Amino acid sequence: MKLNTIPAHIAVIMDGNGRWAESQGKKRTEGHREGANAIDRLLDVALEYKIPNISLYAFSTENWKRPITEIQAIFGLLVEFIETRLDTIHEKGIRIHHSGARNKLSKTVLAKIDHAMSVTKKNKKLTANFCLNYGGHEEILSNFSRIMAVRKSKKEALDKPISPKEFEKYLYTSPLPPVDLLIRTAGEQRISNFLLWQSAYAEMYFTNTLWPDFGRTSLEEALLFFDSRKRKFGGLL
């Protein structure tokens with residue numbers, strides 16, 4: 001498929017694992033497992049189209065409200081995903097990045113994430129940014145704290161205005177570029193506290209497809225939608 005414009009950064013709200021499992025008469029954990037397989041498909045197609053950055057909303061700061069058994073299953077699948085796929089991901093030239101607060105994450109999960117990031121840090125074909133224990137409000141608030149801490153350590157004026165460039169330097173997603181295309185599956189039409197700063201000028205694409213069913217055709221439809229858009233960034237065409 002020929003496209004005139006390829007998004008530099010796609011963000012995905014992977015919704016619908018539970019509904020997929022229910023429709024199949026399976027446990028919710030099986031929906032999350034199939035969701036992990038959908039990530040494989042997404043990354044492979046993204047590599048084909050030379051999309052340099054993909055952000056995946058894997059676990060939000062609000063997801064801690066879910067049943068403990070489901071939370072444990074999600075993190076178990078995350079550990080399994082890294083253990084079983086890291087070599088392949090590395091061979092494909094994919095770099096793993098983590099965006100989100102490190103508190104509340106177990107030592108095991110943090111160790112797996114840090115290892116994956118270390119192994120793949122020099123890869124340049126595609127950055128797969130896993131947003132884990134992530135919330136847009138939390139990121140913005142903690143970002144101010146990080147900036148103030150840096151200024152204090154450098155004995156800089158704390159009341160000096162913060163420029164967008166300085167602010168973006170300390171975001172969890174740094175050094176990824178702003179989001180060009182935000183995709184949400186499963187029919188909901190909201191961004192759910194995801195990459196609020198980064199998505200200021202993102203094109204929004206909503207599909208009824210449940211995340212475990214998301215594949216090549218689904219991504220290509222989203223790319224065609226993006227290619228058809230005329231982006232103004234607040235100006236005139």
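Yeah, the Cβs are placed from backbone N, Cα and C, and that goes for glycine too.
Fair warning: this is a prediction, and the values are worked out from it, not measured in the lab.
Neighbours of Glu203 (Mg(2+) binding site), defined as other CB atoms within 10 A of its CB across all chains, total 18. In the three-state DSSP reading, Glu203 (Mg(2+) binding site) counts as strand. Feature annotation from TrEMBL assigns Mg(2+) binding site to Asp15, Glu203.
Annotation comment: TrEMBL describes Asp15 as active site. The number of other Cβ atoms within 10 Å of the Cβ belonging to Asp15 (Mg(2+) binding site), over all protein chains shown, comes to 24.
Per TrEMBL, the feature substrate binding site maps to 16-20, Arg28, His32, 60-62, Trp64, Arg66, Arg184, 190-192. Classification of Trp20 (substrate binding site) by DSSP places it within a helix.
As annotated by TrEMBL, active site, proton acceptor applies to Asn63. Asn63 (active site, proton acceptor): 16 other CB atoms within 10 A of its CB, across all protein chains. According to DSSP, Asn63 (active site, proton acceptor) is assigned to a helical segment.
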Ile191 (substrate binding site) in three-state DSSP notation: coil
Sparsest-packed among the binding-site residues, when each Cβ's other Cβ atoms within 10 Å are tallied, from Trp20, Trp64: Trp64
Residue pair His32 (substrate binding site), Asp15 (Mg(2+) binding site) - Cα distance, angstrom, rounded: 10
